[in-house]
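Going by TrEMBL, these are the annotated features:
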- 237-252: FAD binding site (BINDING)
- 238-272: domain 'FAD-dependent oxidoreductase 2 FAD-binding' (DOMAIN)
- 284-325: domain 'Glucose-methanol-choline oxidoreductase N-terminal' (DOMAIN)
- 326-384: domain 'Glucose-methanol-choline oxidoreductase N-terminal' (DOMAIN)
- 477-605: domain 'Glucose-methanol-choline oxidoreductase C-terminal' (DOMAIN)
- H556: active site, proton acceptor (ACT_SITE)
Amino acid sequence: MGRKCHPLLKGGRRETKYSHGFSASDMETLTSICEVILPSLPLNSEEISAKNDQSKRAIQSFYNSSGSQYPIPDEVGELITKKGFLEGKILVKGLLKILSTRLGTLLICGTLCFGNKWPFVNKFSCISLHKREAVIQYWFKHWFLTPIRLAFVFIKFLCLFVFFTRVGEDSKNPAWEAMEYEVDSAENLSNMPEDRPLEKGIVETMHETESKFISSLVQKGLSVTEDPSQNMYKIKCDVVIVGSGCGGGVAAAVLARSGQKVVVLEKGNYFTKTDYSALEGPSMDQLYESGGILVTLDGKMLVLAGSTVGGGSAVNWSACIKTPNPKKCLGVIAKSMNTDYTKRIQIEAKVTISACGSLLTPPLMIASGLTNKNIGRNLHLHPVLMAWGYFPESNSDLKGKIYEGGIITSVHKVGSDGSNARAIIESPSLGPGSFAALCPWESGMDLKNRIVKYSRTAHLFSMIRDRGSGEVTSKGRISYKFDNLDKENIKVGLREALRILIAAGAAEVGTHRSDGQKLMCKGKSNEELDEFLDMVTVPEGPKSLVENWTTYSSAHQMGSCRMGINDKEGAVDENGESWEAKGLFVCDASVLPSAIGVNPMITIQSTSYCLSKKIAERLKSFS
């Protein structure tokens with residue numbers, strides 16, 4: 001690979017052992033499930049007849065490959081342990097335990113576990129691949145098996161994401177050639193000057209000893225004193241900001257320019273353009289909260305949130321939508337990631353600003369002792385449903401691959417009424433791992449046939465300004481409830497997205513509904529197309545008691561510490577200041593009173609700019 005990148009974004013072989021904690025029998029069962037999800041199968045020449053430009057060897061190799069190959073199951077197990085919330089981990093571990101026994105398999109799988117040899121009842125891993133697939137297909141469709149369905153959906157997502165994002169020392173994945181995917185290394189940034197504008201102000205605590213850390217702070221002009229009685233270092237500044245995203249970054253700039261001494265605390269790493277690798281797996285792991293594997297408690301919505309220096313602005317920078325015509329600050333206890341430090345650190349500031357984003361500002365404030373009932377509530381997520389269209393290169397005027405070109409080049413408003421719209425349609429950027437993980441699973445063969453069409457399968461999504469809301473009061477535990485009007489609006493947008501794909505010449509279109517809802521467009525009359533669109537609905541999530549379900553996505557989170565005219569209406573006042581703690585402010589998307597309905601980066605930055613200007617004026621009046 002010609003591109004130089006940061007070691008954390010390179011991927012490749014790991015040196016440490018897997019630490020998932022699963023037993024050998026658990027791993028045997030998990031491996032057999034991964035094999036069902038992505039099995040080794042004979043090449044179906046009919047399905048890839050239009051892909052005569054691809055290497056036959058690569059396609060054959062892909063169809064021969066399996067999700068059971070080492071170390072895929074081990075990586076899946078480790079992600080379950082490290083990224084899953086408590087109930088999810090208990091559910092998966094319980095399922096694996098049950099299926100690792102003959103009696104448990106009989107209970108869940110029924111007669112499909114019967115064999116013709118003693119002891120006649122097989123545990124799950126000993127059932128034939130064909131029967132295991134039939135078992136999982138049965139789990140997917142029956143509402144009374146929803147806990148098992150949830151566990152399988154979690155495993156399926158992780159298995160496919162790991163399989164299609166894992167790279168070797170050459171930064172390549174064996175399946176990519178069959179998908180006609182390659183990481184662009186033509187733009188060799190290694191010869192460009194390394195522009196790291198924040199480098200002089202950064203102290204990376206992970207890589208410094210205690211003495212060097214203190215020395216670095218002093219060199220940067222901060223007052224540091226030692227308090228041996230409390231085994232603590234005390235750092236003095238004017239403003240401490242927790243979080244460096246759209247809100248925190250703007251607040252830091254405004255307050256620093258006003259002459260204040262500002263300290264920004266950020267749990268993520270600092271990357272610049274010369275660091276990026278364009279590799280989906282390590283990039284998701286380092287740039288997104290929970291490595292991009294964060295879902296609501298009911299498994300209904302996948303939530304993407306930036307978690308690096310720059311936060312959401314580092315990953316969504318291209319999505320800027322044109323605007324229409326006497327209490328002291330509370331202490332923060334952090335988890336130490338560097339065991340070389342023996343003392344605690346306390347930062348004393350005139351003003352404390354929480355800019356952790358809508359998912360983490362509420363947990364921080366609650367953990368700090370605040371009790372306002374609005375903290376953590378009113379969480380809006382801009383729910384998204386996707387539609388896809390397949391454009392065979394042989395009979396399409398549209399050239400290129402889906403991962404080439406601009407990221408978001410246009411926005412289409414659906415049912416626009418002045419400044420309001422029922423939904424907006426945009427195009428997501430999906431790497432091989434995300435594409436595969438979000439694909440509906442009907443069978444191993446169906447999934448592989450979808451995967452080899454990756455490079456010519458375009459996606460559009462319907463996004464709404466949600467009236468429904470959710471709650472987040474502790475890290476990683478998100479609940480969300482849809483409003484009925486939200487469901488209707490997202491359906492209108494989803495149908496419009498399908499119409500756009502059909503009009504663009506797609507040979508096949510569909511949704512991500514669990515039954516693989518799709519339509520071959522060739523030869524269909526307008527009446528038949530309308531009949532299909534009428535069947536496009538807004539399903540519930542995998543936990544619901546229905547046969548057909550889906551998974552939603554969210555990349556925008558806001559409103560969980562909203563402004564209000566009093567403490568009954570909001571968590572903070574119109575200046576972003578807490579009603580409960582003088583000098584504690586919030587400058588991120590969580591202060592927004594409602595969902596805004598478009599990509600929110602500019603709105604968040606503008607709001608933070610106004611709030612931080614007021615904070616600067618207050619600090620100046622005190623001096």
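Each residue, glycine too, has its Cβ placed from N, Cα and C.
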For G243 (FAD binding site), just give me the three-state DSSP call.
-> coil
Compute the C-alpha separation of V239 (FAD binding site) from the residue listed as 'active site, proton acceptor', stating it in Å without decimals.
-> 27
Spatial neighbours, same chain, of C237 (FAD binding site) - Cβ under 8 Å, 6+ residues apart | L222, S223, K261, V262, V263, I347, E348, A349
For the binding-site residues listed here, V239, I241, A251, which shows the highest count of neighbouring CB atoms within 10 A?
-> A251
Using DSSP, would you call G249 (FAD binding site) helix, strand or coil?
-> helix
Fewest C-beta neighbours within 10 angstroms among the binding-site residues G243, G245, G247, G249 belongs to G249
In whole Å, note down how far the CA of H556 (active site, proton acceptor) lies from the CA of I241 (FAD binding site).
-> 21
CB contacts under 8 angstroms to H556 (active site, proton acceptor), restricted to the same chain and 6+ apart in sequence, sorted by sequence, are H380, L381, H382, A589, N599, P600
